[in-house]
């Protein structure tokens, strides 16, 4: 189908695709309102090409031709173009194209541009070298797309790859434009290569004058997508990785925003870009970006992670996370110290652990109890955990191990394991509680309470059950972040910062296998925060202030963690590789572990508020 | 660094043996008990080096009681009795392990073998003259965790 160059009139239709007014990062596209700049096409000017608006049609034609030539004449004579070409400072686009064309002796026919060959795509084709009929497109392609967002036209639809059939994606934004199907051209190329000098200018796009958009045909509907990366991504040289880092963050934010606005096509294009940009980074940023990109993709494609994972696998991940970084150890140490102090003088003690996992917290407590003045108390442990999927009684196994351990150090030990899908299923009566004069109770929860926030009544039920247990102490360790806000974009931003910090702190760890496993462990959390909703979204982290409010409302008052806990925690951190970055902070009696001054987890201790009955007479 | 004298006897407990060995000096002729008494007074580094001398010395220098002395000599009173301490530390790996894996790295920067999870990078480089209560408690906890982990994972692999 021939590309129609006739409608060159500006087509101001700003909001046909973006339903909501853009906010946040997308505003950067709004900034420069449509102002013609001495006749130069503004959008391309941003890329560095000075093209007069009046020339645009011509330029587009030439680009078409060029692209045609390149894609058709694949094997002969232009292999030099197939290698990485970096085009610096293209100030006169028209003549340059002319020269290229004259070299190549273009065929006389026009190809229907269809979805694939937009000017930008062709441009990039020429720079990056045409891949053999596979994928080429670029980031710029998408960039220009974004520029056109405001003008409300989806232009660069590529019907190329059927594996990206987006019919499933609801939302009429893209399809509402026109319904003429356009043929798939074999050169509908999309591959994003992460490098490109032009990419430097990518994110400075503006809404710009609508005119360039008219050059390109209206997008084909159905099965359209932006740059579709397929196989032949060439390894390309990165021009500026730091700038790419910034772009990466911008792209992430922009994608999240697009998702929030339900602009799924834009989001999809962006998420692909993110994937490639992420490769350009090194270290923590790359990994974080990859996980977030995956999570966003899952959200966009509605391909939710199949919960739950095999229990033994998540155990393994948990263990590696325990080994690699001090967070869990810090949690255990500080909680144990508080419990130890609360149990002073008691002859029989009972710990109810909401976060049993491998039971790694309890050997240290048992040892400390064994060494206390006057000898150890009788130690009873009730462990609560999710059901295991392979019919093994995981909780019982852990109980056996702990019993063996207790025997070694001569501590009287009793254990019971409870399997529960959710803590809210618990009831105090199940726990065989003994009177509090006989037995002192402590409740411990490490990274478990936030999962209850998915259903509003659950957390209150759990609090009331805890109160029925009449504990001496409740120790709670939670992530220090607000990932439970109502607005998706806010959650996304917060979690991006949080997990970036967390991944950063992992970088210093020694064993690479441990590190990778820890990253997978965290990656699952990222996926949950970003991709899931409703009851599936269990990683609903809340900050200390929020927990404080909840707990005081529920009838608990804070207990200050002592200086022993602080000192032990500081020493523990000193023992860790990369210990320079970790720091312990005290916050009104709670201890926070952070990385470079960003608090990441908080341990707090609580007791029941004694109700004073006022009898008025 | 083991120096094994040519006719060093196979270790048998509680046997007084006087070696007439012209190659080694008189110090090597110490029997176990005497050696033990001498080693009671050395510091950790010397004790560790002593275990490299010969099989006899190795056996003697590894005696838990000596390492218990090394550990407890300089640490704050943690409130429990000796027997109580022994009954906890010995099953969990012993004082020698406690010292070499936890107390020593905590006090000396990068001097000892790496901890199971990471090589220690101690920020302050001055070794404390004493180990405070917190250091001791931390090390004991780490010892117990290490023991539990080994126990846990060996049986898992079964």
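The backbone N, Cα and C atoms fix where each Cβ goes, and this holds for glycine too.
Values in this document were obtained by computation on a predicted structure and should not be read as measured data.
Per TrEMBL, the feature domain 'Transcriptional factor DELLA N-terminal' maps to A:41-107.
Residues annotated as motif 'VHIID' in TrEMBL: A:349-353. Restricting the average to the motif 'VHIID' (A:349-353) gives a pLDDT of 94.
Look at TrEMBL and you will find A:397-429 tagged as region 'Leucine repeat II (LRII)'. For the region 'Leucine repeat II (LRII)' (A:397-429), residue counts in helix, strand and coil come to 17 helix, 7 strand, 9 coil, using DSSP.
If you look up TrEMBL, you'll see A:531-607 marked as region 'SAW'.
Remark: secondary structure over the region 'SAW' (A:531-607) totals 27 helix, 26 strand, 24 coil, with classes taken from DSSP.
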